[in-house]
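Straight from TrEMBL, the features:
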DOMAIN    59-499  domain 'Amino acid transporter transmembrane'
TRANSMEM  63-82  transmembrane segment
TRANSMEM  89-107  transmembrane segment
TRANSMEM  151-172  transmembrane segment
TRANSMEM  214-237  transmembrane segment
TRANSMEM  249-268  transmembrane segment
TRANSMEM  274-292  transmembrane segment
TRANSMEM  313-334  transmembrane segment
TRANSMEM  354-381  transmembrane segment
TRANSMEM  416-436  transmembrane segment
TRANSMEM  442-461  transmembrane segment
TRANSMEM  473-500  transmembrane segment
Amino acid sequence: MLPRSRTLPSRIHHGAVEERHDIRHYLQVEVQPKVTESEAINPQSNYSKCFDDDGRLKRTGTFWTATSHIITAVIGSGVLSLAWAIAQLGWVAGPIVLALFAIVNLYTSNLLSMCYRAGDPVTGQRNYTYMDAVKANLGGRKVMLCGLVQYLNLFGVAIGYTIASSVSMMAIKRSNCYHKSGGKDPCHMSSNGYMITFGIIEVIFSQIKDFNEVWWLSIVAAIMSFTYSTVGLGLGIGKVAGNGDFKGSLLGISIGTVTHSGAVVTSTEKMWRTMQALGAIAFAYSYSLVLIEIQDTIRSPPAEHKTMKKATIFSITVTTVFYMLCGCFGYAAFGDLAPGNLLTGFGFYNPYWLLDIANVAIVVHLVGAFQVFCQPLFAFVEKWSAQKWPKSDFVTAEYDIPIPFYGVYQLNLFRLVWRTMFVILTTLISLLLPFFNDIVGILGAFGFWPLTVYFPVEMYIAQQKIERWSSRWLGLQILSVSCLLVSIVAAVGSVAGVVLDLKTYKPFKTTY
(Lines of atoms letter the chains of each structure in order from A and count residues from 1; the text may use other names and numbers.)
(Lines give C-alpha, C1' and ligand atoms only; values in the text may rest on other atoms or scores of the structure.)
Protein backbone atom coordinates (compact mmCIF):
# COMPACT_ATOMS: atom_id res chain seq x y z
CA MET A 1 0.00 0.00 0.00
CA LEU A 2 1.27 3.45 -0.87
CA PRO A 3 2.14 5.90 1.94
CA ARG A 4 -0.58 8.41 2.67
CA SER A 5 -0.28 11.98 1.42
CA ARG A 6 1.28 14.41 3.85
CA THR A 7 -0.84 17.27 2.61
CA LEU A 8 -4.19 16.19 4.08
CA PRO A 9 -5.36 16.29 7.70
CA SER A 10 -7.49 13.72 9.55
CA ARG A 11 -9.70 11.84 7.15
CA ILE A 12 -12.01 8.87 6.92
CA HIS A 13 -10.45 5.66 5.73
CA HIS A 14 -12.50 2.45 5.68
CA GLY A 15 -15.15 4.17 7.77
CA ALA A 16 -12.83 5.21 10.60
CA VAL A 17 -11.45 8.63 11.32
CA GLU A 18 -7.73 8.51 10.85
CA GLU A 19 -5.88 10.93 13.14
CA ARG A 20 -3.19 12.97 11.43
CA HIS A 21 -0.64 14.43 13.79
CA ASP A 22 1.34 16.18 11.09
CA ILE A 23 -1.17 18.82 9.96
CA ARG A 24 -2.39 21.92 11.74
CA HIS A 25 -4.69 24.70 10.61
CA TYR A 26 -4.85 26.26 7.18
CA LEU A 27 -2.29 29.06 6.77
CA GLN A 28 -0.94 28.49 10.30
CA VAL A 29 2.63 27.58 11.06
CA GLU A 30 2.59 24.13 12.58
CA VAL A 31 3.53 23.67 16.23
CA GLN A 32 6.54 21.41 16.49
CA PRO A 33 8.73 20.23 19.36
CA LYS A 34 11.73 22.43 20.04
CA VAL A 35 15.04 20.72 19.52
CA THR A 36 18.65 21.53 20.27
CA GLU A 37 21.28 21.63 17.56
CA SER A 38 22.74 18.29 18.63
CA GLU A 39 19.29 16.69 18.46
CA ALA A 40 18.67 18.20 15.02
CA ILE A 41 21.98 16.93 13.73
CA ASN A 42 21.40 13.48 15.24
CA PRO A 43 17.62 12.96 15.23
CA GLN A 44 17.87 9.20 15.86
CA SER A 45 18.71 9.89 19.50
CA ASN A 46 15.19 11.21 20.13
CA TYR A 47 13.02 10.13 17.25
CA SER A 48 12.10 6.94 15.47
CA LYS A 49 13.98 6.03 12.34
CA CYS A 50 10.66 6.43 10.56
CA PHE A 51 9.98 10.03 11.62
CA ASP A 52 11.69 13.42 11.49
CA ASP A 53 11.90 15.95 14.33
CA ASP A 54 8.47 17.36 13.45
CA GLY A 55 6.68 14.01 13.70
CA ARG A 56 6.33 13.59 9.95
CA LEU A 57 7.49 10.58 7.97
CA LYS A 58 11.24 10.74 7.48
CA ARG A 59 12.28 12.73 4.45
CA THR A 60 14.42 10.89 1.93
CA GLY A 61 15.49 13.65 -0.51
CA THR A 62 19.19 14.08 -1.32
CA PHE A 63 21.44 16.55 -3.12
CA TRP A 64 20.71 14.74 -6.38
CA THR A 65 16.91 14.64 -6.03
CA ALA A 66 16.89 18.34 -5.06
CA THR A 67 19.13 19.09 -8.05
CA SER A 68 16.82 17.17 -10.40
CA HIS A 69 13.79 19.07 -9.05
CA ILE A 70 15.56 22.42 -9.54
CA ILE A 71 16.84 21.61 -13.04
CA THR A 72 13.37 20.35 -14.02
CA ALA A 73 11.86 23.60 -12.75
CA VAL A 74 14.54 25.92 -14.18
CA ILE A 75 15.43 24.43 -17.58
CA GLY A 76 11.93 24.57 -18.95
CA SER A 77 10.39 26.12 -22.00
CA GLY A 78 12.23 29.33 -21.08
CA VAL A 79 15.50 28.08 -22.57
CA LEU A 80 13.88 27.91 -26.00
CA SER A 81 13.20 31.67 -26.06
CA LEU A 82 16.69 32.75 -24.98
CA ALA A 83 18.08 33.07 -28.51
CA TRP A 84 15.18 35.41 -29.31
CA ALA A 85 15.78 37.35 -26.06
CA ILE A 86 19.50 37.82 -26.81
CA ALA A 87 18.59 38.86 -30.37
CA GLN A 88 16.60 41.77 -28.90
CA LEU A 89 19.41 42.81 -26.55
CA GLY A 90 22.49 42.14 -28.70
CA TRP A 91 25.90 40.66 -28.09
CA VAL A 92 26.80 43.20 -25.40
CA ALA A 93 23.70 43.39 -23.19
CA GLY A 94 22.35 39.87 -23.83
CA PRO A 95 25.01 37.74 -22.08
CA ILE A 96 25.48 40.39 -19.36
CA VAL A 97 21.76 40.42 -18.50
CA LEU A 98 21.68 36.61 -18.51
CA ALA A 99 24.63 36.46 -16.10
CA LEU A 100 23.12 39.12 -13.81
CA PHE A 101 19.83 37.23 -13.55
CA ALA A 102 21.78 34.07 -12.67
CA ILE A 103 23.72 35.86 -9.91
CA VAL A 104 20.58 37.45 -8.45
CA ASN A 105 18.71 34.12 -8.48
CA LEU A 106 21.62 32.30 -6.88
CA TYR A 107 21.96 34.88 -4.12
CA THR A 108 18.26 35.23 -3.29
CA SER A 109 17.71 31.45 -3.49
CA ASN A 110 20.35 30.99 -0.79
CA LEU A 111 18.60 33.64 1.33
CA LEU A 112 15.30 31.84 0.85
CA SER A 113 16.76 28.43 1.75
CA MET A 114 17.86 29.88 5.10
CA CYS A 115 14.18 30.62 5.84
CA TYR A 116 13.04 26.98 5.58
CA ARG A 117 13.32 26.82 9.36
CA ALA A 118 11.99 29.75 11.38
CA GLY A 119 14.61 31.34 13.63
CA ASP A 120 17.60 29.02 13.68
CA PRO A 121 18.31 27.42 10.26
CA VAL A 122 19.34 24.13 11.96
CA THR A 123 17.04 23.72 14.95
CA GLY A 124 14.16 26.08 14.13
CA GLN A 125 10.59 25.20 13.29
CA ARG A 126 10.10 23.85 9.78
CA ASN A 127 8.12 25.75 7.15
CA TYR A 128 6.55 23.38 4.69
CA THR A 129 5.54 25.89 2.01
CA TYR A 130 6.60 29.30 0.75
CA MET A 131 3.54 30.80 2.48
CA ASP A 132 4.46 29.13 5.78
CA ALA A 133 7.91 30.74 5.57
CA VAL A 134 6.40 34.19 4.90
CA LYS A 135 3.95 33.75 7.80
CA ALA A 136 6.67 32.68 10.22
CA ASN A 137 9.04 35.52 9.29
CA LEU A 138 6.81 38.40 8.17
CA GLY A 139 3.16 37.66 8.99
CA GLY A 140 0.21 39.97 8.39
CA ARG A 141 -1.18 40.74 4.95
CA LYS A 142 2.07 39.76 3.31
CA VAL A 143 1.06 36.11 3.76
CA MET A 144 -2.04 36.48 1.61
CA LEU A 145 -0.15 38.65 -0.90
CA CYS A 146 2.52 35.96 -1.19
CA GLY A 147 -0.09 33.23 -1.66
CA LEU A 148 -1.92 35.21 -4.33
CA VAL A 149 1.25 35.92 -6.33
CA GLN A 150 2.70 32.42 -5.89
CA TYR A 151 -0.38 30.43 -6.85
CA LEU A 152 -1.37 32.73 -9.72
CA ASN A 153 2.18 32.32 -11.03
CA LEU A 154 1.98 28.54 -10.71
CA PHE A 155 -1.31 28.65 -12.59
CA GLY A 156 0.31 30.78 -15.28
CA VAL A 157 3.29 28.44 -15.60
CA ALA A 158 0.88 25.56 -16.26
CA ILE A 159 -0.60 27.59 -19.13
CA GLY A 160 2.85 28.47 -20.49
CA TYR A 161 3.96 24.83 -20.44
CA THR A 162 0.79 23.69 -22.20
CA ILE A 163 1.45 26.18 -25.01
CA ALA A 164 5.13 25.21 -25.25
CA SER A 165 4.36 21.48 -25.42
CA SER A 166 1.85 21.98 -28.26
CA VAL A 167 4.43 23.98 -30.23
CA SER A 168 6.93 21.12 -29.93
CA MET A 169 4.34 18.50 -30.86
CA MET A 170 3.47 20.50 -33.97
CA ALA A 171 7.16 20.92 -34.81
CA ILE A 172 7.45 17.12 -35.02
CA LYS A 173 4.43 16.84 -37.30
CA ARG A 174 5.44 19.78 -39.51
CA SER A 175 9.04 18.62 -39.79
CA ASN A 176 7.97 15.20 -41.10
CA CYS A 177 5.28 16.73 -43.34
CA TYR A 178 7.77 19.15 -44.87
CA HIS A 179 10.34 16.39 -45.35
CA LYS A 180 7.86 14.09 -47.11
CA SER A 181 6.63 16.83 -49.45
CA GLY A 182 10.15 17.86 -50.37
CA GLY A 183 9.52 21.38 -49.14
CA LYS A 184 6.48 21.99 -51.38
CA ASP A 185 3.83 21.87 -48.63
CA PRO A 186 3.92 24.72 -46.06
CA CYS A 187 2.29 22.27 -43.60
CA HIS A 188 0.14 24.78 -41.71
CA MET A 189 -1.80 23.23 -38.84
CA SER A 190 -3.80 24.08 -35.74
CA SER A 191 -2.35 23.79 -32.24
CA ASN A 192 -5.68 22.91 -30.61
CA GLY A 193 -5.46 19.12 -30.83
CA TYR A 194 -1.94 19.09 -29.41
CA MET A 195 -2.88 21.22 -26.41
CA ILE A 196 -5.81 18.90 -25.71
CA THR A 197 -3.49 15.87 -25.96
CA PHE A 198 -1.09 17.42 -23.45
CA GLY A 199 -4.05 18.18 -21.16
CA ILE A 200 -5.20 14.54 -21.23
CA ILE A 201 -1.67 13.39 -20.30
CA GLU A 202 -1.54 15.86 -17.39
CA VAL A 203 -4.94 14.74 -16.09
CA ILE A 204 -3.41 11.28 -15.60
CA PHE A 205 -0.11 12.44 -14.06
CA SER A 206 -1.89 14.96 -11.84
CA GLN A 207 -3.28 12.05 -9.84
CA ILE A 208 0.21 11.55 -8.33
CA LYS A 209 -0.58 12.44 -4.75
CA ASP A 210 2.20 14.75 -3.60
CA PHE A 211 5.64 16.26 -4.24
CA ASN A 212 7.51 13.34 -2.67
CA GLU A 213 6.10 10.93 -5.23
CA VAL A 214 7.17 12.88 -8.34
CA TRP A 215 10.93 12.51 -7.73
CA TRP A 216 11.27 9.88 -10.49
CA LEU A 217 9.39 12.11 -12.94
CA SER A 218 11.75 14.99 -12.09
CA ILE A 219 14.81 12.84 -12.82
CA VAL A 220 13.38 11.78 -16.20
CA ALA A 221 12.44 15.39 -16.97
CA ALA A 222 15.91 16.67 -16.01
CA ILE A 223 17.52 14.15 -18.38
CA MET A 224 15.14 15.26 -21.14
CA SER A 225 15.99 18.94 -20.56
CA PHE A 226 19.69 18.23 -21.08
CA THR A 227 18.81 16.19 -24.18
CA TYR A 228 16.96 18.93 -26.04
CA SER A 229 19.27 21.69 -24.80
CA THR A 230 22.24 19.75 -26.14
CA VAL A 231 20.50 19.18 -29.49
CA GLY A 232 19.65 22.89 -29.74
CA LEU A 233 23.22 23.81 -28.91
CA GLY A 234 24.62 21.32 -31.41
CA LEU A 235 22.37 22.56 -34.21
CA GLY A 236 23.30 26.15 -33.40
CA ILE A 237 27.01 25.33 -33.58
CA GLY A 238 26.44 23.39 -36.81
CA LYS A 239 24.58 26.28 -38.43
CA VAL A 240 27.26 28.76 -37.37
CA ALA A 241 29.92 26.47 -38.82
CA GLY A 242 27.89 26.13 -42.03
CA ASN A 243 27.46 29.89 -42.33
CA GLY A 244 31.16 30.43 -41.70
CA ASP A 245 30.49 33.41 -39.43
CA PHE A 246 28.59 34.72 -36.43
CA LYS A 247 25.40 36.62 -37.14
CA GLY A 248 23.94 39.30 -34.93
CA SER A 249 24.97 42.78 -33.82
CA LEU A 250 26.28 44.43 -30.68
CA LEU A 251 23.00 46.23 -29.92
CA GLY A 252 20.46 43.62 -31.01
CA ILE A 253 17.76 43.63 -33.66
CA SER A 254 18.01 46.64 -35.95
CA ILE A 255 15.23 49.12 -36.64
CA GLY A 256 13.81 48.40 -40.08
CA THR A 257 14.37 44.63 -39.90
CA VAL A 258 11.60 42.61 -41.59
CA THR A 259 10.47 39.79 -39.27
CA HIS A 260 9.16 36.31 -40.22
CA SER A 261 5.60 37.66 -40.12
CA GLY A 262 6.47 40.39 -42.64
CA ALA A 263 6.25 43.22 -40.11
CA VAL A 264 8.92 45.93 -40.01
CA VAL A 265 10.56 46.61 -36.63
CA THR A 266 9.99 50.24 -35.66
CA SER A 267 11.79 52.15 -32.92
CA THR A 268 8.77 51.71 -30.63
CA GLU A 269 8.57 47.97 -31.29
CA LYS A 270 12.32 47.69 -30.71
CA MET A 271 11.74 49.16 -27.23
CA TRP A 272 8.84 46.75 -26.51
CA ARG A 273 10.90 43.79 -27.68
CA THR A 274 13.82 44.76 -25.44
CA MET A 275 11.51 45.01 -22.44
CA GLN A 276 9.87 41.69 -23.28
CA ALA A 277 13.30 40.03 -23.54
CA LEU A 278 13.94 40.87 -19.86
CA GLY A 279 10.75 39.04 -18.91
CA ALA A 280 11.74 36.02 -21.02
CA ILE A 281 15.11 35.76 -19.25
CA ALA A 282 13.46 36.22 -15.83
CA PHE A 283 11.06 33.36 -16.64
CA ALA A 284 13.97 31.16 -17.67
CA TYR A 285 15.22 31.25 -14.05
CA SER A 286 11.87 31.09 -12.24
CA TYR A 287 11.89 28.37 -9.63
CA SER A 288 11.90 30.25 -6.31
CA LEU A 289 8.16 29.76 -6.02
CA VAL A 290 8.71 26.02 -5.41
CA LEU A 291 12.08 26.22 -3.58
CA ILE A 292 10.72 25.72 -0.06
CA GLU A 293 8.59 22.79 -1.22
CA ILE A 294 11.68 21.21 -2.80
CA GLN A 295 13.72 21.81 0.36
CA ASP A 296 11.00 20.13 2.45
CA THR A 297 11.80 16.83 0.70
CA ILE A 298 15.47 16.84 1.80
CA ARG A 299 16.63 14.55 4.60
CA SER A 300 18.90 15.67 7.43
CA PRO A 301 21.62 15.63 8.66
CA PRO A 302 23.35 17.61 7.25
CA ALA A 303 21.09 20.64 7.77
CA GLU A 304 18.62 21.09 4.93
CA HIS A 305 19.84 24.57 3.98
CA LYS A 306 23.37 23.26 3.46
CA THR A 307 22.20 20.58 1.03
CA MET A 308 19.90 23.05 -0.69
CA LYS A 309 22.67 25.61 -1.08
CA LYS A 310 24.91 23.04 -2.78
CA ALA A 311 22.05 21.88 -5.03
CA THR A 312 21.22 25.50 -5.94
CA ILE A 313 24.83 26.42 -6.78
CA PHE A 314 25.29 23.29 -8.89
CA SER A 315 21.93 23.60 -10.67
CA ILE A 316 22.13 27.31 -11.49
CA THR A 317 25.75 27.00 -12.64
CA VAL A 318 24.88 24.14 -14.98
CA THR A 319 21.76 25.84 -16.32
CA THR A 320 23.53 29.17 -16.84
CA VAL A 321 26.23 27.49 -18.92
CA PHE A 322 23.52 25.83 -21.01
CA TYR A 323 21.60 29.08 -21.27
CA MET A 324 24.66 31.00 -22.45
CA LEU A 325 25.56 28.38 -25.02
CA CYS A 326 22.02 27.84 -26.34
CA GLY A 327 21.12 31.53 -26.37
CA CYS A 328 24.38 32.76 -27.87
CA PHE A 329 24.77 30.06 -30.51
CA GLY A 330 21.10 30.38 -31.41
CA TYR A 331 21.60 34.11 -31.94
CA ALA A 332 24.85 33.52 -33.82
CA ALA A 333 23.05 31.08 -36.13
CA PHE A 334 19.95 33.17 -36.89
CA GLY A 335 20.94 36.74 -36.08
CA ASP A 336 18.12 39.29 -35.80
CA LEU A 337 15.64 36.69 -37.08
CA ALA A 338 16.22 34.27 -34.19
CA PRO A 339 12.91 32.43 -33.60
CA GLY A 340 10.82 32.72 -30.44
CA ASN A 341 11.21 28.96 -29.98
CA LEU A 342 14.74 27.81 -30.83
CA LEU A 343 13.99 24.23 -31.89
CA THR A 344 10.85 24.97 -33.89
CA GLY A 345 12.91 27.59 -35.71
CA PHE A 346 15.19 24.78 -36.89
CA GLY A 347 12.11 22.70 -37.78
CA PHE A 348 12.49 22.45 -41.56
CA TYR A 349 16.19 21.62 -41.62
CA ASN A 350 18.03 18.32 -41.57
CA PRO A 351 18.60 16.16 -39.72
CA TYR A 352 14.85 16.23 -39.13
CA TRP A 353 14.94 13.02 -37.07
CA LEU A 354 17.26 14.69 -34.55
CA LEU A 355 14.83 17.58 -34.23
CA ASP A 356 12.03 15.09 -33.64
CA ILE A 357 14.00 13.52 -30.79
CA ALA A 358 14.65 16.95 -29.27
CA ASN A 359 11.00 17.96 -29.47
CA VAL A 360 9.87 14.66 -27.95
CA ALA A 361 12.32 15.35 -25.12
CA ILE A 362 10.76 18.81 -24.65
CA VAL A 363 7.28 17.35 -24.35
CA VAL A 364 8.41 14.69 -21.85
CA HIS A 365 10.24 17.34 -19.83
CA LEU A 366 7.22 19.65 -19.77
CA VAL A 367 5.01 16.81 -18.54
CA GLY A 368 7.32 16.50 -15.51
CA ALA A 369 7.84 20.26 -15.06
CA PHE A 370 4.07 20.79 -15.06
CA GLN A 371 3.82 18.48 -12.05
CA VAL A 372 6.78 20.03 -10.19
CA PHE A 373 5.13 23.46 -10.42
CA CYS A 374 1.52 22.37 -9.87
CA GLN A 375 1.95 19.99 -6.91
CA PRO A 376 2.29 22.89 -4.38
CA LEU A 377 -0.93 24.42 -5.76
CA PHE A 378 -2.72 21.07 -5.61
CA ALA A 379 -1.58 20.56 -2.01
CA PHE A 380 -2.68 24.07 -0.99
CA VAL A 381 -6.24 23.66 -2.30
CA GLU A 382 -6.61 20.13 -0.89
CA LYS A 383 -5.34 21.15 2.53
CA TRP A 384 -7.72 24.11 2.63
CA SER A 385 -10.67 21.97 1.51
CA ALA A 386 -9.94 19.24 4.05
CA GLN A 387 -9.79 21.87 6.78
CA LYS A 388 -13.04 23.42 5.57
CA TRP A 389 -14.98 20.16 5.24
CA PRO A 390 -13.22 17.64 7.53
CA LYS A 391 -16.25 15.33 7.76
CA SER A 392 -16.96 15.14 4.04
CA ASP A 393 -16.29 11.72 2.54
CA PHE A 394 -15.95 13.34 -0.87
CA VAL A 395 -13.07 15.54 0.34
CA THR A 396 -11.27 13.32 2.85
CA ALA A 397 -12.08 9.65 2.18
CA GLU A 398 -9.66 7.46 0.25
CA TYR A 399 -10.48 4.21 -1.48
CA ASP A 400 -8.02 1.42 -2.27
CA ILE A 401 -7.97 0.68 -5.99
CA PRO A 402 -5.84 -2.33 -7.03
CA ILE A 403 -3.93 -1.65 -10.24
CA PRO A 404 -2.18 -4.53 -12.10
CA PHE A 405 1.65 -4.31 -12.11
CA TYR A 406 1.47 -1.27 -9.81
CA GLY A 407 -0.14 -2.21 -6.53
CA VAL A 408 -2.84 -0.38 -4.61
CA TYR A 409 -3.68 3.22 -5.54
CA GLN A 410 -5.53 5.28 -2.94
CA LEU A 411 -8.23 7.20 -4.80
CA ASN A 412 -9.55 10.46 -3.36
CA LEU A 413 -12.62 11.73 -5.21
CA PHE A 414 -11.99 15.41 -4.49
CA ARG A 415 -8.40 15.11 -5.70
CA LEU A 416 -9.60 13.39 -8.88
CA VAL A 417 -12.27 16.00 -9.67
CA TRP A 418 -10.37 19.15 -8.62
CA ARG A 419 -7.12 18.30 -10.38
CA THR A 420 -8.96 17.24 -13.53
CA MET A 421 -10.91 20.52 -13.57
CA PHE A 422 -7.66 22.45 -13.04
CA VAL A 423 -6.00 20.85 -16.06
CA ILE A 424 -9.12 21.41 -18.18
CA LEU A 425 -9.14 25.11 -17.22
CA THR A 426 -5.44 25.65 -18.00
CA THR A 427 -5.92 23.87 -21.34
CA LEU A 428 -8.88 26.08 -22.27
CA ILE A 429 -6.96 29.26 -21.44
CA SER A 430 -3.99 27.98 -23.47
CA LEU A 431 -6.33 27.47 -26.43
CA LEU A 432 -7.54 31.06 -26.06
CA LEU A 433 -4.10 32.70 -25.60
CA PRO A 434 -1.48 30.69 -27.53
CA PHE A 435 1.19 33.44 -27.52
CA PHE A 436 4.33 31.65 -26.35
CA ASN A 437 6.81 34.53 -26.09
CA ASP A 438 4.33 37.02 -24.64
CA ILE A 439 3.02 34.58 -22.01
CA VAL A 440 6.60 33.68 -21.05
CA GLY A 441 7.47 37.37 -20.65
CA ILE A 442 4.41 38.15 -18.53
CA LEU A 443 5.01 35.17 -16.24
CA GLY A 444 8.65 36.12 -15.78
CA ALA A 445 7.82 39.73 -15.00
CA PHE A 446 4.92 38.89 -12.69
CA GLY A 447 6.78 36.38 -10.53
CA PHE A 448 10.38 37.55 -10.60
CA TRP A 449 10.43 40.48 -8.16
CA PRO A 450 7.97 39.37 -5.45
CA LEU A 451 8.87 35.67 -5.26
CA THR A 452 12.52 35.65 -6.28
CA VAL A 453 13.67 38.89 -4.65
CA TYR A 454 11.26 40.77 -2.36
CA PHE A 455 10.04 38.04 -0.01
CA PRO A 456 13.42 36.25 0.32
CA VAL A 457 15.13 39.57 1.09
CA GLU A 458 12.50 40.70 3.61
CA MET A 459 12.39 37.30 5.35
CA TYR A 460 16.18 37.17 5.60
CA ILE A 461 16.28 40.69 7.09
CA ALA A 462 13.63 39.72 9.65
CA GLN A 463 15.27 36.38 10.49
CA GLN A 464 18.78 37.81 10.87
CA LYS A 465 17.45 40.95 12.62
CA ILE A 466 19.41 43.26 10.30
CA GLU A 467 19.14 46.87 11.49
CA ARG A 468 17.40 49.43 9.27
CA TRP A 469 19.72 51.81 7.43
CA SER A 470 22.76 49.64 8.11
CA SER A 471 25.03 49.08 5.09
CA ARG A 472 23.79 45.49 4.72
CA TRP A 473 20.14 46.58 4.92
CA LEU A 474 20.72 49.31 2.32
CA GLY A 475 22.45 46.87 -0.01
CA LEU A 476 19.54 44.42 0.16
CA GLN A 477 16.99 47.19 -0.41
CA ILE A 478 18.90 48.52 -3.42
CA LEU A 479 18.88 45.00 -4.87
CA SER A 480 15.13 44.70 -4.27
CA VAL A 481 14.23 48.09 -5.78
CA SER A 482 16.45 47.48 -8.83
CA CYS A 483 14.75 44.17 -9.51
CA LEU A 484 11.33 45.77 -9.06
CA LEU A 485 12.14 48.26 -11.82
CA VAL A 486 13.27 45.41 -14.09
CA SER A 487 10.00 43.56 -13.43
CA ILE A 488 7.90 46.64 -14.24
CA VAL A 489 9.78 47.24 -17.49
CA ALA A 490 9.46 43.57 -18.51
CA ALA A 491 5.73 43.51 -17.68
CA VAL A 492 5.04 46.60 -19.78
CA GLY A 493 6.89 45.13 -22.76
CA SER A 494 5.13 41.77 -22.53
CA VAL A 495 1.66 43.28 -22.19
CA ALA A 496 2.40 45.44 -25.25
CA GLY A 497 3.35 42.25 -27.10
CA VAL A 498 0.03 40.61 -26.24
CA VAL A 499 -1.87 43.72 -27.39
CA LEU A 500 -0.09 43.59 -30.75
CA ASP A 501 -0.82 39.85 -31.14
CA LEU A 502 -4.51 40.31 -30.31
CA LYS A 503 -4.92 42.60 -33.32
CA THR A 504 -4.61 39.60 -35.69
CA TYR A 505 -5.90 36.90 -33.36
CA LYS A 506 -8.99 34.69 -33.67
CA PRO A 507 -10.01 32.50 -30.67
CA PHE A 508 -9.44 28.74 -31.13
CA LYS A 509 -8.22 29.30 -34.70
CA THR A 510 -4.50 29.77 -34.22
CA THR A 511 -2.37 28.01 -36.84
CA TYR A 512 1.37 27.71 -37.34
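Using N, Cα and C of the backbone, Cβ positions are placed for all residues, glycine too.
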The transmembrane segment (274-292) vs the transmembrane segment (416-436): 3 or more CB pairs under 8 Å
no
Do at least three C-beta pairs under 8 angstroms join the transmembrane segment (354-381) to the transmembrane segment (313-334), pairs 6 or more apart in sequence?
no
By Cβ distance under 8 Å, which residues at least 6 away from the ends of the transmembrane segment (214-237) in the same chain are close to it?
61, 65, 67-69, 71-72, 75-76, 79-80, 83, 205, 208, 297, 322, 325-326, 329-330, 332-333, 342-343, 346, 349, 354-355, 357-359, 361-362, 364-369, 371-372, 375
How about the transmembrane segment (89-107) and the transmembrane segment (416-436): at least 3 CB pairs under 8 Å, pairs 6 or more apart in sequence, or not?
no
Candidate ranges 151-172, 313-334, 442-461, 473-500 - greatest C-beta contact count to the transmembrane segment (416-436) (under 8 angstroms):
151-172
